[in-house]
Amino acid sequence: MTAKRWTALVIALSAICVLIAGLRTVTESSNIGAPGKADRVVIVSVPGLEWAAISETGTPHLWNAANEGAVGLITNRAARAVTCPWDGWVTLGAGNRARYPAPVPEDELPPEGELPLPGEGQLNPDGTTPTTPQQQAATNATKDCLGQRGTVPTTSGSKLTAAIVENKKLGFGAVPGALGTQVACTTTVGRDPILAVGAKGAKVNPAPRPTNADGWATLATHCPLTLVASGTPEGKTPAEIAALDESVGKIIDGAKKAGATVIVAGISQPDYRRSHLQAIIAVGAGLDGKILSSPSTGRSPYIQLIDIAPTVIRMMGGKAPNSMVGQPATTSDRDQSMSATVAKFADLATAAAAHVWISSDFFNILAVICALASLLLFVAIKARWRPRGWLQVIAIAAGTLPAASFLCNFVPWWRGSSPGTAIVLVIAGATALLTAVCFAGPWRRHPSGPPLVAAGLTVAILGIDVLTGSYLAINSPLGYDAIVAGRFTGFGNIAFSVFAGALMMIIGLTVKTVSGSRAREIGVVAAIGVAAIAIDGAPGAGSDFGGVVSLVPSLLLLGLIAARIRVSIWRLLAALAGGAIVVILIAVGDYLRPEQSQTHLGRFVGQVLDGTAFTVIGRKLHNNLGLFTRSVFTPLTLVLIVICVLVYRDKARQVIGYLEDKAPYASAAAVGIIVVAVVGFAINDSGIALIGGTLAVTVPLGLSIVSRQRPTGELARERESTLVA
């Protein structure tokens, strides 16, 4: 294929990517509805309520309510990994990440427990038993889920004083009890709900628990909002669960008689362990046969605990205060039977729990494999070993491992009898498959061939995924999950770093060969750049605020080089400013869409306008700095940087010769990778992990190219025109 045809193909494919990203942004909200208006709302907390515990025979009242109304998966993540009962109520009322103070300082709490996956043994969270009085005190503090059972203490005349003091120092901007100030009055049943509505100036009426549906119907008419604390099904016998179901059924029946919308949800964990996805059921106007979601997740059927208060306020005709970062719930039509829906929800909850269980271990494994592969290649280069195929195979396998980890979601590995073993086998198989493809064609004869194919496969896998709904990213080892609730769709920070690093390699090492003329080189860089920005930044695709800011300067630098324009410090600053301008335009465009259709990009513009954005920025900067001492990517990044410096110093003749042969784009690719990593580190809350993710792909692939150079130090100047063909 001629250079002109290749250029036309690249431009056409780029245009298709831009079109798909645009269509997803425009059409993603076309079938979204909202709950109907409600004069009265009843919220029932059932800690630990999971879909796996709900059945037509075991919990008929909950089953019938779910079949009648709207259902979803709620993530009750609060301001710590464990959401105990009081944390849940404080977070619900704040409409923001919040918590109740623990009996001991947070940094002294032991790691939270984990429920074992099927076929996996129960692990002691920290592998030790308390041996000192301090450790024993910390362990004792976790009993009764941080002591959050019984009567909420009163301090300075208020049960919210301790929560208010605690949340002022967290940086989320949460205002405990804010929900209570948005309604005329609230009726509370149980000792804990006061934490959701007990702000200064709020009118709260505690009430005894009715014994029948008529009593609940009468109670629901006393105030616009009724909050009820119920028992938990966890650790209960079938008879006890049936009794709990019957009591909740009376509340639902009574609320319906009173014309109220009723929401039943697992807003907390009953024990000190990491939160799991739980059930939420809503019955009322506009909710029949629906699936719940929220703009804060952008993905059905997920909704957050922080969304409940804004949803209630919206149903009552009000507008949530700026301190509430949750979003009013949205609805979509249910297209499956109740049995199929419950089974699907239970499966999604299991997948999310499995991701939490394996993700940190995979980070460690990835770091070790990448570091060892890079060290082996460095030794081979340093010792001037004769180029051998197996060295490049190791490098390519290490470089494709991140992409292979996303492909594992093609197989439901979490359903097996041993999910840990299953995912290792699946990722190993995917890595072997991608590595084989990298050596399957005539490009394998050239030093750049297999690495470029590996980079191309990485970009294709991640790019196609976000253009089709991010089904590979959610619950994959390098992706995200709905339990941690940092992101639900689009590019996560590590996925973006892998995507961007591979993209820079592709542009830098192939544009000259593909295009063949200055005009076509500029056109190809521009086409790929626009497509990459659309894939990463479009609200319906990558939806990645920080990624665009770091990606645009790198692409502009490549464009300057393609135009044979000398890169100066001022032009570099202009490129950085260009990145900021592009992301501002995307964010403002998202902000101008209807509120229920906005992503976090548009909502951030709203936070800038109402003055709450600085709280978000401060928290992200704090998280970024904290990762230095906690992330396995810190030592990995240091190792890879040292290797790169030593290789460049000791093999400068080969490296510089290769860069000159591919001039000017190979050097530009290196600069682009550095810019993406450094700018991304500065503006994302993943910090050092973003640099590590970029280097984990580019360093093994780059070293594989260097290792293929002739050991005499002369550059292997084979023409690579067949690389593309």
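Cβ from N, Cα, C; glycine included.
What TrEMBL says about a protein is an automatic prediction, not a curated fact.
What TrEMBL annotates here:
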type	residues	note
REGION	101-154	region 'Disordered'
COMPBIAS	112-121	compositional bias 'Low complexity'
COMPBIAS	128-142	compositional bias 'Low complexity'
TRANSMEM	362-381	transmembrane segment
TRANSMEM	393-414	transmembrane segment
TRANSMEM	420-440	transmembrane segment
TRANSMEM	452-474	transmembrane segment
TRANSMEM	494-515	transmembrane segment
TRANSMEM	522-539	transmembrane segment
TRANSMEM	545-565	transmembrane segment
TRANSMEM	572-592	transmembrane segment
TRANSMEM	627-648	transmembrane segment
TRANSMEM	663-683	transmembrane segment
TRANSMEM	689-707	transmembrane segment
> Does the transmembrane segment (545-565) come near the transmembrane segment (663-683), with 3+ Cβ pairs under 8 Å (pairs 6 or more apart)?
Replying inline: yes
> With the transmembrane segment (393-414) as the reference, which stretch in 362-381, 494-515, 522-539, 572-592 has the largest tally of C-beta pairs below 8 Å?
Replying inline: 362-381
> What same-chain residues lie close to the transmembrane segment (452-474): Cβ under 8 Å, and 6 or more beyond its ends?
Replying inline: 17, 20-21, 24, 299, 396, 399-400, 402-403, 406-407, 409-410, 434-435, 437-438, 441, 443, 480-482, 488-492, 495, 498-499, 502-503, 505-506, 509-510, 532, 535-536, 541-542, 697, 701, 723
>> Give the nonlocal contacts of the transmembrane segment (420-440) in its own chain as ranges (CB under 8 Å, at least six residues past its ends).
In response: 117, 119-120, 354, 357-358, 362, 393, 396-397, 400-401, 403-405, 407-408, 411, 413-414, 449-451, 453-454, 457, 477
> Taking the transmembrane segment (627-648) as the reference, which of 362-381, 494-515, 663-683 gives the largest number of Cβ pairs under 8 angstroms?
Replying inline: 362-381
